[in-house]
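Asker: Feature annotation from Swiss-Prot assigns region 'Disordered' to B:1-46, B:341-361. Annotation source Swiss-Prot lists compositional bias 'Low complexity' at B:15-34. According to Swiss-Prot, the feature compositional bias 'Gly residues' maps to B:36-46. Per Swiss-Prot, the feature domain 'Septin-type G' maps to B:70-342; the stated evidence is sequence analysis. Annotation comment: Swiss-Prot describes B:137-140 as region 'G3 motif'. Residues or ranges marked as region 'G4 motif' in Swiss-Prot: B:219-222. The feature compositional bias 'Polar residues' is assigned by Swiss-Prot to B:349-361.
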Amino acid sequence: MADVGKTPVARNEKTSSEFGYVGIDAILEQMRRKAMKQGFELNIMVVGQSGLGKSTLMNTLFKSKVSRRSVMTTEEERIPKTIEIKSISHDIEEKGVRMKLTVIDTPGFGDQINNENCWQPIMKFINTQYEQYLQEEINIDRKKRIPDSRVHCCIYFIPPTGHCLRPIDIEFMRHLSKVVNIVPVIAKADTLTLEERDFFKQKIREDLRANEIDIYPQKEFDEDAEDRMINEKIREMIPFAVVGSDQEYQVNGKRLLGRKTRWGTVEVENTTHCEFAYLRDLLIRTHMQNIKDITSSIHYEMYRVRRLNENNTKPNGQPAIHTNGVPEHEVLSHEM
Amino acid sequence: MSEIVPPEVRPKPAVPAKPSHVAPPSSAPFVPSPQGTGGEGQGSGRGSALLGYIGIDTIIEQMRKKTMKAGFDFNIMVVGQSGLGKSTLVNTLFKSQVSRRSTSWSRDEKIPKTVEIKSVSHVIEEGGVKMKLTVVDTPGFGDQINNDNCWEPISKHINEQYEKFLKEEVNIARKKRIPDTRVHCCLYFISPTGHSLRQLDIEFMKHLSRVVNIIPVIAKSDTLTPEEKTEFKQRVRKELEVCGIECYPQKEFDEDMEDKSDNDKIRETMPFAVVGSDKEYQVNGKRVLGRKTAWGVVEVENPNHCEFSLLRDFMIRSHLQDLKEVTHNIHYETYRAKRLNDNGGLHPISSSGHDTQESNL
């Protein structure tokens, strides 16, 4: 006959008979399956003067033609007179994970004689996406999954002058760092020597600090010590000095993405040559979810607060009666 | 010197899926491209053969890390007459004392005169995943002489949690993570009569199946022979169908064929005939949770003895996330729509010309 067991079994140890194992960690697998079924979205905006390799870099990041070269200056195609906003969407699948990638290009930025307020159309576009999301969110009968066209990340291309940030760079980032995650990159960094690159990066970091421009990952949003440590390393490296290429070359018997010159091949994914791999890891392999979270819980929430405050204030400046939009309500059992 | 070679697909290839204008399968509803304003260009393209590994699949690992850091909430309600082993079953499910025995009365303690709602919360950690489990007990349900409308306090409690969440959600300055006290699942304990559902069972489930995920279980099923159990289960299923009661998982929320085939198997097994126990016994040299009788040990986690392990696997190991999602996407959204309709809606925000303001503040 069976006897009462004398020794207790540790509750969270998974033994052969699985005694003590509940299975709450299985939620991770459940979430993985859901995510793989649904897929997800990533919306990236690229901003910078023409000819800095924006399209090439995006194509290099996502290993496919996800961005069209916006300026092929033939007789017909000229630099646009005003800033246009162009979105191209692609579905990319990798290891069963589907991502709808939208690349938002801004041809015409910084290319005019007078570039005053040239960030405004971009700001307007970003806020329009927040507005669309907000309108969907406050719908009574809302979608199970609200289409997310919010800009998760803005890659800002700094020309490789080797000196310091230009006023247009400072103004753009100062205005937009409050509404979107900005990741600054030094474009076409193969024009700089290692010494020039280090000096330029340091100078840019000083300029950003002096102008109180908080770029991604923002210090104030580090969640814990582990986060802080990882993000500090990234902040010390920003802006990433990058080179893009969609050409493959054979180097020492290996196929590599690179740019071939008379004096050698710049290997795009070689971290001793440029920092493309660090940028890719940040944007895709380590911080992509965080970039989306910050967009949703910080930038969008700030927009929402401002809009609802505007909407909830009477002309005389008095707040409307129900600041949260729903009056007090006694819940009844028969309500459903 | 290096030579140019034609591009080729590398190992671990990332393949472009269908172009955006091709409708994806219903299981993965991708949304339309972001709509621009004014003179914005819009396009949708398909990449050429990808050159190698990108790493978009790492988002799964990023999500896993976030979940493990944040932990999650799971709120379960147990409903049934006293003495059906509600507390014991929940303690068995979560392998710890997460529910107080509401029936271990001393001489002074009496069956409550009305249905009370008692919540007990615990943080359980397993495999690095933290879960805040709240067990909502309903002592007094079905124990009175007159049980008219005894489900109303329960319905009221469920709706109050939806209301709390709604209030938080529509706040202007809202929390980064809204505390979730909504009832994700209601375990309804059916008495093992072997006959059919009582009127009280039918009325309760009819009223509440619209507002919460109900999982019916046959309590103390060790009192039934296998034949009685099979017959009773069949009869319960038939009665639920006749009364138009949809228990979880509801047919209409199956997302795809895979979901449907998984859930059909579960629907055929319902209601789960369960036995709970927090005592350990030695059987054939193995420690097992069970109930010892003069004629043998009922092994709680042995599927030949009872369906406890099927219930546990279903509720925790395969459908826990789905229970939460159906609560959020269906039951809560239904409540929200009704409340806002009663209220005339959250008045649409007029799009004013503030889009270009310098900050979001």
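The backbone N, Cα and C atoms fix where each Cβ goes, and this holds for glycine too.
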Asker: What average pLDDT does the predicted model assign to the region 'G4 motif' (B:219-222)?
Answerer: 94
Asker: For the region 'G4 motif' (B:219-222), could you work out the same-chain residues 6 or more beyond its ends whose Cβ comes under 8 Å from its Cβ atoms?
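Answerer: That would be 80, 84-86, 89, 189-192, 229, 273-275, 291, 298, 305-307.
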Asker: Could you put numbers on the helix, strand and coil content of the region 'G3 motif' (B:137-140), residue by residue per DSSP?
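Answerer: Its residues divide into 0 helix, 1 strand, 3 coil.
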